[in-house]
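Quick look at what TrEMBL lists:
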SIGNAL    1-23  signal peptide
DOMAIN    34-147  domain 'Plastocyanin-like'
DOMAIN    161-294  domain 'Plastocyanin-like'
DOMAIN    375-488  domain 'Plastocyanin-like'
DOMAIN    514-617  domain 'Plastocyanin-like'
DOMAIN    632-769  domain 'Plastocyanin-like'
DOMAIN    849-988  domain 'Plastocyanin-like'
Amino acid sequence: MGRAVLLFLLGTLAFWNVSVLKAEDAYKYYSWTVTYGTASPLGSPQQVILINGQFPGPRLDTITNENIVLDVVNKLDQPFLLTWNGIKQRKNSWQDGVYGTNCPIPPNSNFTYKFQTKDQIGSYTYFPSTLMHRAAGGFGALNIYARSVIPVPYAKPAGDFSLLIGDWYKTGHKALQQILDSGKTLPFPDGILINGQGRSSFSGDQGKTYMFRISNVGLSTSFNFRIQGHKLKLVEVEGSNVLQNTYGSLDVHVGQSVTVLVTLDQSPKDYYIVASTRFTKTILTATSVLHYTNSRVSVSGPLPAGPTNEIGWSIDQARSYRWNLTSNAARPNPQGSFHYGKITTTRTIVLANSAPIINGKQRYAVNGVSYINPDTPLKLADYFNIPGVFSLNSIQSSPSGNGANLATSVMGVSHHEFIEVVFQNNEDSMQSWHLDGYDFWVVGFGAGQWTQNARTGYNLVDALTRHTTQVYPNSWTAILVSLDNQGVSNQEELDRSSGPGRFGFFKTRTVYRNPNGPGILINGQFPGPTVNVITNDNVIVDVENKLDEPLLLTWNGIKQRKSSWQDGVLGTNCPIPPNTNWTYRMQMKDQIGTYTYFPSTLLHRAAGGFGAFNILARPVIPVPYPKPYDEISLLISDWWKKDHKELQQIIDSGDPFPLPDGILINGKPQSTSFDVVPGQTYLFRVSNVGMTTSINFRIQGHTLLLVECEGAHTMQEVYDSLDIHVGQSSSFLVTLNNTGDPKDYFIIASTRFTKPVLTSTATLHYQGSKAAASGALPVGPTYHIHWSMKQARTIRWNLTANAARPNIQGSFHYGTIKIARTIVLENTAAKIDGKLKYAVNKVSYINPDTPLKLADYFNISGVFQLDSIKDSPPSGPEVFGTSVIETTLHDFVEIVFQNSESTIQSWHLDGYDFWSVGFGSGVWNSTLRRRFYNLNDATSRYTVQVYPYSWSAIFVSLDNKGIWNLRSANWPRRYLGQELYVRVWNDEPSPFTEYDIPQNALLCGKAAKH
């Protein structure tokens, strides 16, 4: 969820208790249409269920922790649901796709499943859970691959085949349902299918090893799987990596999946793949072909023999499946680090299946109760507290021996219990049991009646986990389950035809200290801790405010996709009161690059509370430069000896904001030092976290290779120095090539467009150096505006590089998109009520007591008005107002920042990046587009400078619904009114476009009553 989750807790501003588990956490979107079709799997035409025209359905390949968004359109003539066999649906039984949790999808309607493959790997399936639809198809393979950072305990195979094997009936699903509804038993199947066919083929190269994912998608019949002349090396069973034993054949029971490696080590010819039924009087067999690519000989010879009714053989094989204790599964820790056998069970549940006649009809029951589906799903009845749908503990936890009855069986258990479940089979047919939402340890099999003494034979060391277990005739099977997934879970007997998942956690504490006056610390650090995350990580930050004033942190450049609730500005969030906390939850969705965080309230930023926030690319996405030896984050800021409250009093009184007293690099004016190794290349992430002042950055004796600018890979131009304006960030590669006689070098940051010029230095300390940095500081530009504008135009998008996603940046042709709207925003300085204020299009922004986002959500009147600011500069005097521009979701907008003052401006838009397409002197007009705009490779970024008496133009694709702050990054100007909000909207409430209000949202102002 997206997607690793990083949790930060902020207190007087401070970070502690940090642990990170990374994950790709991509989102994958699918649209499936379910229809009837005609196929001839057993030689004669019959009606089958297709998904997107396919029988079996499409293979669904995902990676651990990916988020699946899958829209199912039901074009059948009956209500329909799909269930995801073995997917745990962590904290989300709403997506389970069974009658107990979901209303079925009516004909000609759709429903969108949203679930995460949280902490899972392995071979799974999906299939219809409604009526007897599964007898007509609609099933498919669902494979979860390990993240690239998690090793698997075998070499990567040359190929990966999914085999869906199951019994099949020539009788249609409606006719089969009528047979069962009439009180008769299900007939014997007519055949076995492999991938929906009587004969299919799988090709491979001689000498190579291939993975076969084998699943039993049948209705009622176990099968045995084997390949003529080849061995099967078992490597995974339903999400567990297992000890790699070799088998001649494997039993796979209804609902189960196994994964084997097969090496094509025989002479080049074709070989039979065989599946035959188990524990049936008539043995049904299906074959496919393993085709060597260099074969010229078709399959021949007798089929390899398999077991038929040998129950003991099957039990012995099942007991040989063992957990691989030293290997990882979906997470970095080895499987064996969880010592399930040492946990005390809190409860034992014994479930006995039976086949009673009730009201003259054949039924199947558990502990004497034959389940009936109520009209209302149990989960909905539970959520809405609807009486009369079900009763807790309407089934006993052990068989009573009394007669059978019809009821809606629900057993109440407590979250985090560790329980023992025994399946008691008193019939002479094979049973197969599955538990939704979980896997479990299969600790024992035995003949006859289970007793407590049977526990002495349990495997409490290396029993594997799985989601479906077999129970042999007149026998029992015992499992252990850790009930760690809250919800309503379906426990079902799969061969009956009637009845029925990186969280990284950051904790931050905010306090004062005195660097040159009261400063703001985060977990005792000034600047705050550097946050390093990976694309699509989910970040949870708990901020504990120990200041004496309300506080918010904002995440400069983080897009907060579909979630302006997390933006951390007064227009979206109530500030965190002193001595309280609030938790941010956000995902680094499709972002890489160099960012920062800082306080957005009052003038707290002048006292610190800022830090570096770096998003690293996923390992599967290449970056357009060799991996650097190390990374160094530099936070450069102007600084005042006066504390933030004094500075606030100055501008509250109407006086202009004073010039800074100095420049800091990572919180120090001179003494910061960075140790480096000669000959190596380092990535320097440089951010301007100051209040008012542009800086020029350079390193004595070294050049800067620009590679990234605020989330965009750039053309790799070499610079001696680079201007970085307030709120901006850039990343450079610096090669330490002065290796002859290692010495130290100055790192310099000096102010731009100021009188006087302020300078700060740090030290680049070469390993082995005995010579301190010396010599004249390299000269940087001072007031040269044209030099800076010319340099800014040289920063170009790298059109052939990936950013956070696999597609190259240049595949988005922003310059060819029609502009829906042009907005011209002019900054001005004026006196209102005798005090200096700053305005945008003549409106000086004032924050209402109620955040705009809350007022919009709760439909609270009197807080703001849409379009309370004009699209172009009006005439007349400056006035106070709460400026909100209304825009439409998915508009492509041109915004021109017009600077009619003698000072440089810096503008930032929350929730977005944008293309900085043009800079120019004087007053903008539409004829300048042709002359000055870069419509090919302008870089995208989130903060743009506007030079004195000049303009800057940006293009924005408004694809992120919410209310977003568009502000001056020059903080005193922003504090005194140079900001506004952009409402990006459509009228369709949907989690696809915007998430709902967080459950922990702080409510203040007029929203406090809601």
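Every residue, even glycine, has its Cβ placed from backbone N, Cα and C.
Among the recorded stretches 375-488, 514-617, 632-769, the one sharing the largest number of Cβ pairs closer than 8 Å with the domain 'Plastocyanin-like' (34-147) is 375-488. Helix, strand and coil residue tallies for the domain 'Plastocyanin-like' (375-488), in that order: 12 helix, 39 strand, 63 coil [DSSP].
Here the domain 'Plastocyanin-like' (375-488) returns a mean pLDDT of 92 for the predicted model. With DSSP states grouped into helix (H, G, I), strand (E, B) and coil, the domain 'Plastocyanin-like' (514-617) comes out at 7 helix, 46 strand, 51 coil. Across the range of the domain 'Plastocyanin-like' (34-147), the DSSP-based residue counts are 7 helix, 53 strand, 54 coil.
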